[in-house]
Amino acid sequence: MSSPDRPLTLVLVGPMASGKTSIGRKVARILDVPFVDTDKRIVAAHGPIAQIFAEHGEGHFRALEREAVAQAVTEGGVVSLGGGAVTDVGTRTLLAQHPVVFLTVSADAVAARIGGSSRPLLNGDDDPVARWRTIFEQRRGWYEELADLTVDTSRRPMRAMAEEIASWRKDHP
Ligand code: S3P
């Protein structure tokens, strides 16, 4: 899937706070390819995610996300998606054509990572970890269906996980 003028592609999916951005950036550095975070692209072009959800709804955000994913996989490199990208059938169709790593994480490990979150889907009156868990369970089947490799990010050092993912990608051209 890579060519002399286009870097290899690798997509990271997984629930909110599973480490997609931090690990993705490290994997890209190891593989010496560009890194794209589709959420950051959307924010740069359209403003804060919470505002997009509030003003235009989740459906509009998913359409922007689908466009951002399509553009990113065309460019190549390591691409980290927002946790809910897999809920969109068009995005799933795009992802089926690329190597996908599913970063999974336990609710215990996530509890320490989502405090003061700006994620609109975790804001509300109820416990954010309970909310996170419900959302993850709704999406788990899609992550598993798309995954070519699954890595649990609950406990291991970032660097070790990034190296494992990069060497897996090298072995799966
Ligand atoms: C979302 C996850 C967020 C972001 C948006 C919606 C989701 O990205 O795309 O808030 O639906 O799970 P992270 O997975 O990077 O938190």
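Positions of Cβ are set from backbone N, Cα and C atoms, glycine also.
Automated prediction, rather than curation, is the source of TrEMBL annotations.
Going through GLY83, GLY115 against TrEMBL, the one listed in the substrate site together with ASP39, ARG62, ARG139 turns out to be GLY83. When ARG66, ARG92, ARG156 are compared with the ATP site residues ALA17, SER18, GLY19, LYS20, THR21, SER22, ARG119 in TrEMBL, the one appearing in that site is ARG156. Of the candidate binding-site residues, ASP39, ARG62, GLY83, ARG139, the one lying closest to ALA17 (ATP binding site) when CA atoms are compared is GLY83. Note: the Cα of SER18 (ATP binding site) and the Cα of ASP39 (substrate binding site) are spaced 14 Å from each other. In the three-state DSSP reading, LYS20 (ATP binding site) counts as helix. Here the binding-site residues are LYS20, ARG62, ARG156, and the one with the most other Cβ atoms within 10 Å of its Cβ is LYS20.
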